[in-house]
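Below is one structure; the comments refer to it alone.
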Amino acid sequence: MLNKLPPVVVHLLAALGCLVLLVLLTFAADPFTNLRIATVGYYLIAVAGLALLTGFNGQVSLGHGAFMFIGAYTVALLVKRVPAFPIWADLLLATVAGGVAGLLAGAAAARLRGPYLAGATLALAVGLPAVTQRFPELLAGSNGLSFTVNSQPAGLVGTIPSTQWQAWIVWLAVLLALVVLANLARGKLGRTLRAVRDDEVAASLAGVHVGRTKILAFLVSSACGGLAGGLQAFLLGTAAPGSFTVALSLSLLAALVLGGLGSLWGALWGAIALVYFQVWTDDIAEVLSLRSDISDNLPLALYGVVLIVVVLAFPAGIQGGLRKLWVRVRRPVPSQRGEAS
Amino acid sequence: MRSSRSVTAVALASALVLAACGGAGETPANNGGAKSGEPAPGVTDTEVVIGSHHPLTGPAAPGYSKISVGARAVYDYINDGGGVNGRKITYKVEDDGYNPTKTVEVVKKLVLEDKVFAIVGGLGTPTHSKVLDYLTTEGVPDVLVSSGALMWNAPEKHPNTFGYQLDYTREGKIQGKFIKEKLAGKKVGLLVQNDDIGTDTQKGLDQFIKDQIVERKTYDPANTDVTPQISALQAAGAEVVVCECIPAFTALTILTSLKIGYKPQLMVSSIGADPATLTGLVEQFAKQGGTQVSGGALLTGIMGTRYLPSVRGASDPWTEFFKGIHDKYIPQEPFTDTMVYGMVQAYTFSQALKAAGKDLTRQKLLDAMSSGELKGPGLTPFAYSKDDHAGYTGALVFQIAADGSVNTLEEAMTTDTESGEVKAVDDKRPTPQEVKLVG
C-alpha cells in the first residue's frame, strides 16, 4: 500500500515515525546520552551529504570538515552579532553558507578528477581554518568563539533537560534534511548523479550536463556539511579552528566507508560508529589499565583496526553486510526488487 | 515539482513552529544559576569523584600528556594513606586532543554522566574557555585551570573558577624588570604566540623594556617554520630574544637560530622552559631534519622563569617529596618539571579539599580556595581571596648550566597584573611536613 504513495509522502511519514521514536528514546535516556544522540545526528547529516557526493556521484572530498567549519562559524557569528535571530534562521543560514561555499568549490572541482580532486578538497580543509588567524577581531583567532545558545521555549525550561531539547532540534533538522536528500537520491537528480558516476561520456550523450550535475552534487553535499557544522555549534556552543582539522574530514570519509557507500543508511551506521567506537574503546582502555602512553592511543588504534577489518570482510561497509544478511534470510523469495510500475 | 513544493511547505511550517522561541543569542529572562545548597554530586562518605580534560593525544600531547600521570600518582599516594577526610579521591581524566569541540563533549560527560564534584586542572586556553560558561551555569567548581590566561580570574562572572599557573602578564613584568636591570642597554627582540599568550605577555614586558625592544614577531602554532621571524630578529640586531613559546616552538627557535648562525641570549617563559622536555624536543626535531645535535649543549645558557621547584635545581624538600611519590608509583615514567606541575596541582587541590572539611559541599570547597590560607609547594604565594581568583603571583629567573642543571639568577619575585611593584617574596614556603595530608 505504501508503494502507491508518492515517495515524498513515504519519506515524510518515515521521518515523522523516526522523530517520534527518537523523542521517546530521549525520554528513556539520561541527559548525557541525549547529548550523544544529538552528536550522532549532526555527524549523520554530514556523512549523508558526503554519501550523496561520493557514493552517488563518485566525487571524493577530503575537505568536508571545511564546510562544517563554515556552518559552525555562521551560527557562532549570528548568535553573537545578531542575537535577535531565532536558532532555526541561524541554522538555515549556516546551510546556505555551506551551500554557497560548496558551489564555489564545486565549480573548481568539476574540472578535477581522482587524486587531483582529493588534493584540492584537502587543501580546503587545511587552509580554511587559518582564516581565523587573518581576522582575529571577528573570528577570535586560534581561541575561537564561545557562546550560549538560547533556544528552549520558556515553558520547557526546567521541565526537560536542555540536552534533551537540543537532541530534538538536531534530529528535527537532520530528518528534514534527510527527507530532502532521500527525495533527491530517488528522483531524477539521483539517476543523473549515478549516470555521471558510472560513465561521463555516456551520460553526456544521453543529454546530461555533466559539469552542472557535479556542481549540484557538491552544492547539496556541502549544504549538508554546513548544516552539520551549524548543529554542532548549536549543540556545543563553540566554534574554534582546532575542531576542524584534516582529521575531522578524514574521519567523516572513514565513517562513510565504514557505514557503506551508496546508501543513506550507511551514513547512519557510520555516524553511530563515529560516536560510539570512541566510547567503547575508551571503556576498553580503562578496563585494561595499561601504561598511559599505550592506553592514551588505544582508542585510535582500535578504530583503525575495526575500519580495516570491516572493509576487508564487508567491502560494501556495514550496510552492505546487513543487506547480504537480509538477502540470505529471505532467500526463498526469488527477487526483492518488486517495484510497482 | 509538486513534491519539492511540499517539502518546502513542511520545512517552512516547522520553521514557524520553532520561531516561537526567542532569538538564539538572547539571554532568557530566568536562568538556572548556580545550585549551591543541594547535596554535592560525586561525594559519598568514602569517595570524592573529580574530573579533568587533558590532551593525551594530538599536537599538544608531547609533554603535556604527563601532567595527569603525575597528578594521578599523588592521588594514589593520598588514597593509600587513607584519603582526605576519610574520602578516597577518584580522578577521571578525559582526552580532548586539544580540540575545543571534544573538550565540551568530555566535560559534559564528566558533569552529566560521571557526576564529578569538581573539574580540577582542565588544560588549555582555547579548550577550557569553551566550558567556562557551562561550568558556571551548572555550579561545578572549576579549580586550578592549567593555563596562564587572565580570563580565569573573574570572580564576578565565574565565581567557581580559579586559576593555577602564573599568568602571562605577571611573568612578562618579572622578565621585563630582570632584563632592564641585569641585561641593561641590550637590544631585545620578541617572539610570541599569536594569541593571548602574546598579547598578555607584552602588556607586562612593555612596562619595563618598551624602549629596549627593537623587533616584535609572532608565530602561529600551526606553522612550524619560524625562519622568517628569527631572521627578522637577527636583522634588527636583537641581542636578547624573549621567547613566549610553547615547548615545541622554544625548541624550533633554538634550532633555527643555530641554522642561520644567530646567537642571542634566550629568555623563555615557564610554559616552554622545562629543560628535560626541551632537550628531548631539540634532539627529536634535529633528527627529523637529518642532523644530530646535543640538546644539552644547545640549551646551555638559556634563561627562563618558573614558579615551581625544578627537578634539576638545587635540592628542595618538595622535589624530594614528589620524587619519593614518583619512585613508588610511576618509576617507569621520566621525572620532569612538567610532571611536577601536575603533582603540585594535585597536592594543592587535596589541601583545599582537606580545608573544606569533613562535611563537604561545593560551596565549602570554593570557600577554602578563596580563604587565602592555601600555601603549598610553589615558590610564590597564590593570589586567592574573595575577589581575586588568580593563581601563582610570581616567579624566579634561572639559567641552564652546561651540565643540564639550573642555577637561580634572581630569587622569586611577586607582582600584580597592573602596574604594581615587582618585589621579593616575603612569605615563607611551608615544608611537606608542615602541610602533610597523609600519616
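Just so you know, glycine gets a Cβ as well, placed from its N, Cα and C.
Keep in mind that TrEMBL annotations are predicted by a computer and have not been checked by a curator.
Since this is a predicted model, take the numbers as computed values, not measurements.
What TrEMBL records for this protein:
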type     : residues  : note
TRANSMEM : A:7-29    : transmembrane segment
TRANSMEM : A:35-53   : transmembrane segment
TRANSMEM : A:60-79   : transmembrane segment
TRANSMEM : A:85-109  : transmembrane segment
TRANSMEM : A:116-135 : transmembrane segment
TRANSMEM : A:165-185 : transmembrane segment
TRANSMEM : A:215-235 : transmembrane segment
TRANSMEM : A:264-280 : transmembrane segment
TRANSMEM : A:300-322 : transmembrane segment
The transmembrane segment (A:165-185) versus listed stretches A:35-53, A:85-109, A:215-235, A:264-280: most Cβ pairs under 8 Å: A:35-53
Two-stretch contact, the transmembrane segment (A:85-109) and the transmembrane segment (A:215-235), at least three Cβ pairs under 8 Å: yes
Contact yes or no, the transmembrane segment (A:215-235) and the transmembrane segment (A:300-322), 3+ Cβ pairs under 8 Å, gap 6+: no
Chain residues outside the transmembrane segment (A:35-53) and at least six past its termini with a C-beta under 8 angstroms from it: 22, 25-26, 29, 59, 61, 64, 68, 163, 166-167, 170-171, 173-174, 177-178, 181, 184-185, 193, 217-218, 220-225, 227-229, 231-232, 235, 252-253, 255-256, 259, 261-264, 266-268, 270-272, 274-276, 279
